[in-house]
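Peer 1: If you look up TrEMBL, you'll see B:Cys87 marked as active site, nucleophile. Positions annotated as active site by TrEMBL: B:His196, B:Glu198.
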Amino acid sequence: MARVVVDVMLKPEILDPQGQAVQRALPRLGFDGISDVRQGKRFELEVDGPVDEAALARIHDLAESFLANTVIEDFTIRVEEVAEAVK
Amino acid sequence: MTARIGVVTFPGSLDDRDTQRAIRVAGAEPVALWHKDKDLKQVDAVVLCGGFSYGDYLRAGAIARFSPVMEPLLEQAKAGLPVLGICNGFQILTEAHLLPGTMLRNNHLHFICRDQKLRVENAETAWTTDYAAGQEIHIPLKNNDGQYVADERTLDELEAEGRVAFRYVDFNPNGSQRDIAGVSNEAGNVVGLMPHPEHAVEPLIGTGRTDGLPFFTSILKKLVNA
């Protein structure tokens, strides 16, 4: 079994008011030197069966049509091996 | 015979009853539609109302857009069925790509609820013929994700084709690009806006104005005269 991670981020040209609010809170908390924060979403998909090209193509479709709104968001897909459960 | 106008209820819809009432006040017959319905009960038009369908999870409107009822709605809207999306309904229509652009969080990150002044930019859509072009109206606005965005090319195209149906006047409440409050599709049968005309149809409530009523009388006239 494998895990596929889809990261969805607002496109660079889209204003991210939530990220800005986080960034503005940082100096108040004593964290200096962080000039920009952008907030996104991370989806972890547990995939049954092999993560082959066909499976990745399906995940690409699902990310493009559902997980991300490509009018405002970009997404990246990567495969993450799941560590064997400790017995 | 009067027109039958469907109002879809999704899990989390809030304004379905108010919308049905507005339709009745205008003289048409409201027809309740359920998100799991696979047909539209032969209605003459559909309103997607406000609320927080599916809790706004993922993105506002993103999950409702894939409801069973949306399949016949998409098909018939493309064939000319008049559809009005109010607030969350507008968000659902953009997620379904029936209308261009999308909505982001309000730029100030606060929920906003106010009587909003708008200008009717296009009085020729299926839902706006009872207004005059350029008319200024007051309609309640209440939302979290109301900031209309689209890429520059799309915005230019909308402006050139007269598809910016409504614009915020005096005050842009959410950072919407070019003060856009509502847009229409190319044919003018599908219209979406963030403010709530269904909350401004009776003098007894709200601002005491009935500036939202022409939405519903416009469509009624169109359907009855058709």
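Along the chain as shown, the residues are counted starting at 1.
Using N, Cα and C of the backbone, Cβ positions are placed for all residues, glycine too.
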Peer 1: Tell me, how many other CB atoms lie within 10 A of the CB of B:Cys87 (active site, nucleophile), whichever protein chain they belong to?
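Peer 2: Here the count is 29.
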Peer 1: Could you tally the C-beta atoms, other than its own, that fall within 10 angstroms of the C-beta of B:Glu198 (active site)?
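Peer 2: Excluding its own Cβ, the number within 10 Å is 28.
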Peer 1: How big is the gap, in Å, between the Cα of B:His196 (active site) and that of the residue listed as 'active site, nucleophile', rounded to a whole number?
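Peer 2: Answer for this pair: 7 Å between alpha carbons.
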Peer 1: If you measure B:Glu198 (active site) to B:Cys87 (active site, nucleophile) at Cα, how many Å is it?
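Peer 2: Per the Cα atoms, B:Glu198 (active site) and B:Cys87 (active site, nucleophile) stand 11 Å apart.
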